[in-house]
Amino acid sequence: MKTIGLLTSGGDAPGMNAAIRAVVRSAIYYGCKVYGINRGYKGLLEEDLTEMNLSSVGDIIHRGGTILKSSRCEEFKTEEGRLKAVKILKKYKIDCLVVIGGDGSFAGAQKLSDLGFPAIGIPGTIDNDLAYTDYTIGFDTAMNTIIDAIGKIRDTSSSHERVNIVEVMGRHCGDLALYAGLAGGAETIIVPEVEITVDEVALRLKTTQKRGKRHSIIVLAEGVGSASDLEKELKKESGADLRVTVLGHVQRGGSPTVSDRILASRLGVRAVELLLDGKSARVVGIKENKIIDLEISEALAQKKVFDKEAYEMAKILSI
């Protein structure tokens with residue numbers, strides 16, 4: 001009988017609990033024991049582990065956040081810290097590890113695998129910034145949260161004939177801004193992958209105003225710069241009445257969508273099956289609605305391809 005360790009690491013994402021549930025229940029179904037590790041790699045080094053059972057994951061599929069909590073851990077980034085982690089895992093007779101998180105979490109799983117400890121990664125991040133998978137757990141829910149906010153902001157924007165800048169998460173990847181902006185009917189979408197000047201944005205505002213449209217929504221990915229700075233510069237160039245909304249951590253919360261719950265469930269079960277097959281240093285993901293797995297190193301080496309077609313479509317539809 002295998003014993004599986006399970007942790008969530010990095011930024012939380014809606015659907016992580018659904019993945020936790022899937023790992024625990026499928027592992028027990030296959031006759032395994034599961035230890036939940038609280039607060040990620042930090043909790044592992046502090047031996048904050050709890051054996052999980054079926055009731056541990058009851059009534060959590062609909063909950064946002066992660067019942068295992070999450071944190072970041074500088075000590076784990078050191079060789080000494082990782083050796084300590086392996087020693088603790090062996091102390092609890094844990095045979096393998098499932099890590100739910102993003103690229104940093106996967107890098108940690110790779111390091112453990114390099115030390116001979118089997119680990120599998122499940123993609124959980126709202127940014128959707130992992131190139132090897134079409135979607136990450138939490139992305140769909142975060143998009144829906146943003147779209148809901150854009151709709152409400154548009155109501156007041158149109159009432160007062162204002163330009164509203166909505167800042168969303170996405171340091172290096174503009175997927176949240178792009179797809180939420182497209183689905184929310186934003187007049188301008190600003191992402192890290194496409195260079196656009198303040199003058200160009202101001203010209204778009206002036207053009208729409210000349211057509212008689214007195215309000216606009218600009219969706220800005222945080223990785224491009226701050227919404228407040230953009231507001232000041234646009235005010236100078238366009239003279240428009242502007243307001244800023246920074247959605248912040250509200251994007252990470254909320255009950256996961258159907259898509260995220262199903263994705264998390266499928267990935268969780270597949271991760272357990274890989275471990276039972278003796279696989280290690282791999283991540284699971286989804287491509288064209290099929291569950292895939294590949295080496296962590298290969299997954300992290302892939303470069304995210306920006307959806308230029310969707311971006312151009314958004315420009316066409318925002319005239």
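Cβ atoms are placed via backbone N, Cα and C, with glycine included.
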Further binder of ATP named by Swiss-Prot next to R72, C73, G102, D103, G104, S105, taken from the candidates G11, G15, G31, G151: G11
Swiss-Prot annotation, ADP site containing R21, A22, V23, V24, R25, G185, A186, E187, R211, K213, R214, H215 - matching residue among R39, R154, R171: R154
Spatial separation of T125 (substrate binding site) from S105 (ATP binding site) - C-alpha basis, Å: 10
Shortest C-alpha distance to T125 (substrate binding site) - which of the binding-site residues C73, D103, G185: D103
Among D103, D127, E187, the most crowded of the binding-site residues [Cβ within 10 Å]: D127
Local backbone state of R243 (substrate binding site), from DSSP in three classes: strand
Neighbourhood of R243 (substrate binding site) by C-beta distance under 8 A, where only residues 6 or more apart in the same chain count: S157, R162, V163, N164, I165, E231
Among D127, E187, H215, V250, R252, which are recorded as binding-site residues, the nearest neighbour of G104 (ATP binding site) by Cα: D127
